[in-house]
Amino acid sequence: MRSLETVELTKAFGGNLVLDKTTVSFQHGKVNALIGPNGSGKTTFFNCVTGLIRPDSGRISYAGADITRRSPHAIARAGLGRTFQLCRVFPRMTVLDNVLAATRPRGVNLLRGAGGRKETDRARGWLTKLGIEHLAHAEARNLSWGQQKLLELAGVLMSEPETVLLDEPAGGVNPALLDRIGALVRDLNAEGRTFVIVEHNMDLVMSISDHIVVFDRGRPIAEGPPSLIRTDERVLGAYLGA
Amino acid sequence: MPSVSKRLATGIAIVAFAAVALAFPELAPNPYILSVGIVVLNYAVLSTSWNFVGGFTGYISLGHGALAGLGAYGTGLLVTKGGLPSFVALAAGAAIVAAIAIPIGYAALRVRGASFVIVSIALVLVTLLVFQSWASFTGGSRGLNVPRPFPGMLRPEHHRVFFYLFLALLAIALTVWWLIDRSRFGLGLKAIREDEDKAETLGTPTFAYKLVVFVVSAFFTGLAGGLYALWFGDLDPIFQFSILTGSYMVLMALLGGVRNLFGPLVGALIVGSALEYFKVEFGNTPLHLVATGVLLALVVLFMPDGVLPALGALLRRLSPTTETSIREVTAGEVAAIGGEPQHAQSRNG
């Protein structure tokens, strides 16, 4: 089953063609990885898919529906959640509020209180799962980089996405935390969540991915399981090296 | 989470302010001082109204003076041309301002940062031009006289009644701000202030949120402008549609603290009183503008979060606390959760 799919997706910044008629699909219920050299268009691809950047042409579909022109919040509500390459939290809000801010607004009662017991319990549950519950009332800006990465992930998971796009989750985190993130991805995948992960840490990618897509100059040059990608000549030439 | 002592201190401050405010008309030595109290309260309502947008979303509008002017003229024209009772005109005028704010917000809130500020300034200039030029309807530069709602009332009594009306309006505006602050809607607005794109990707319909709070802000700003029209009774477009009015709202909110419910009120008490002092002492010189500029520079340089947060930080430093700093987590605990020791380099703040 196809989860996320693009057809001839194109995006240029000035004269720099970043996505060049990119046609690619990611599998539902799997841990997918998107790898490639710096500047190959991975983050731009995420930005187009999540609606933060309008593609110049092409089509993006998710679970069979065309989401090409939808707003980012509508795409999020359709079930696509994401983290950012440079970790983004709400710095002047508490850790708990950062997670509660990801709860879906329900109904039209604008003055409905934030963080009812059920929502707060769920938010604390994610914080506990990620090991930062003891920081619930700290301002997010006072957390370390690694803790902010975990907080960002907690926020995304709180928004109940079916598919999670992780942009370099291992960037700047220590090995212990890396193992924790890898295990979490695997656990959540076992519960049915689909992942698409942009990552340069090949140990992490090869250990947790079911399916890998390799980008070079805005186009997919190879895709398949880790065992196949490791030995693909084009991938070795463009990215992994000998 | 606010501590018990903080809640107690806030409660005591609210009761003290309410007691002083309620007693002020009786304590004021003359009608002039009472009228200064009304001007300060008017500023407090305006600044609190501005803070619905500025405080929650971080969008700095210098155009709220135009919304206040529209509320004033709307009320005045509904009384003089429409023949409506004063307070019906006040409510209708504010509703009209809120309705006008929908298309204005729809256009202006599509841009962020400096672009939004420039659009908001344009709003003041356009409305000034319209109300000055359309003399047959607005009175143009000759101004508009708004009949008093209580014709037989003597001036001191008139001031006293309007002091309490402005106080009641301030209480309502503060209550609504507080309700939004603790709501899911408010959390979404604050997320917009922190990182709008991030809030969007978490599923918050940021544009709709901004538009709703802009309309709420316009409604209260319109009410403040309309009440001023009924109190003062003489409207001149050059003062009603002034860039200075919006600037004062921003300055007061920044001075007191935009993230704090009472920040704009505290700012209005300081700036409003200071403006009146400068006008009395130095007449029509631009010295009050110089002082305002210096004050704004000082706030930005030394108290970027405002007076109330600065006072709170000072009190926290002076009083011993049992709260545990997050930096006191032991190395063992950090290792157990798979985190990493905190160090200055890795922090955003």
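Glycine too: its Cβ is placed from the backbone N, Cα and C atoms.
TrEMBL does not curate its annotations; it predicts them automatically.
Of the listed segments B:33-53, B:327-347, TrEMBL assigns transmembrane segment to B:33-53. Between the transmembrane segment (B:86-109) and the stretches B:33-53, B:60-80, B:116-135, it is B:60-80 that has the most C-beta pairs under 8 angstroms.
In this chain, the transmembrane segment (B:290-315) lies out of contact with the transmembrane segment (B:33-53); the count of Cβ pairs under 8 Å, excluding pairs fewer than 6 apart in sequence, is fewer than 3. Distant neighbours of the transmembrane segment (B:207-231): 38, 42, 45-46, 48-50, 52-53, 56-57, 59, 64, 67-76, 79, 86-87, 89-91, 93-98, 100-102, 104-106, 108-110, 146, 148-149, 158, 162, 165-166, 169, 173, 176, 180, 185, 188-189, 192, 240; these residues of the same chain sit at least 6 beyond its ends, with a Cβ under 8 Å from one of its Cβ atoms. Of the recorded ranges B:60-80, B:116-135, B:237-254, B:261-278, B:290-315, the transmembrane segment (B:161-180) has the largest number of C-beta contacts under 8 angstroms with B:261-278. In terms of C-beta pairs under 8 Å, the stretch of B:60-80, B:116-135, B:261-278, B:290-315 lying closest in packing to the transmembrane segment (B:237-254) is B:60-80.
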